[in-house]
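*Asks:* Take a look at this one; I'll ask things after.
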């Protein structure tokens, strides 16, 4: 189901902040998120359950938790303000909700970059059915 959703979004043309998040990830890792992170482990992609499989999957778990704490807007819609300054992502703008979404995305993109060396292709295209352990709390 999560793969179908990701493909549907990709085919529609990614709008708003999902495109921005993709760009952040590419700038920090050199990887295209839709390919590398849309169906990785138990948490990267649509939904999530179980125990994160590795450090990269934990980045997605933390990102999901961060989105869960955002109030006042839909974390997957809208457009936020950000820039790259000296290799760092800097979130801006006046809307506190969109700024919070940007911060969630910034932290995740940095986390992916910090864990590039441990990215394991065996978790790419893994099935969420394999994520049977009890989910952690945020």
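Every residue gets a Cβ built from N, Cα and C, even glycine.
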*Asks:* According to Swiss-Prot, 43, 45, 47 bind Ca(2+); identify which of 64, 74 is listed for that same site.
*Replies:* 64
*Asks:* Tell me whether residue 45 (Ca(2+) binding site) sits in a helix, a strand or coil according to DSSP.
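*Replies:* Going by the DSSP assignment, residue 45 (Ca(2+) binding site) belongs to neither helix nor strand, so it counts as coil.
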*Asks:* Please report the Cα separation of residue 104 (disulfide bond) and residue 111 (disulfide bond) in Å, rounded to an integer.
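*Replies:* For residue 104 (disulfide bond) versus residue 111 (disulfide bond), the Cα atoms are 11 Å apart.
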*Asks:* Look at the binding-site residues 45, 47 and tell me which residue has the greatest number of other C-beta atoms within 10 angstroms of its C-beta.
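*Replies:* Ranked by Cβ atoms within 10 Å, first place goes to 45.
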*Asks:* Is any of the disulfide-bonded residues 91, 97, 131 within 10 Å of residue 63 (active site) (Cα-Cα), and if so, which, in sequence order?
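*Replies:* None, since no candidate lies within 10 Å.
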*Asks:* Within 10 Å of each Cβ, count the other Cβ atoms and name the one among the recorded positions 64, 105 with the highest count.
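*Replies:* Result of the Cβ crowding comparison: 105.
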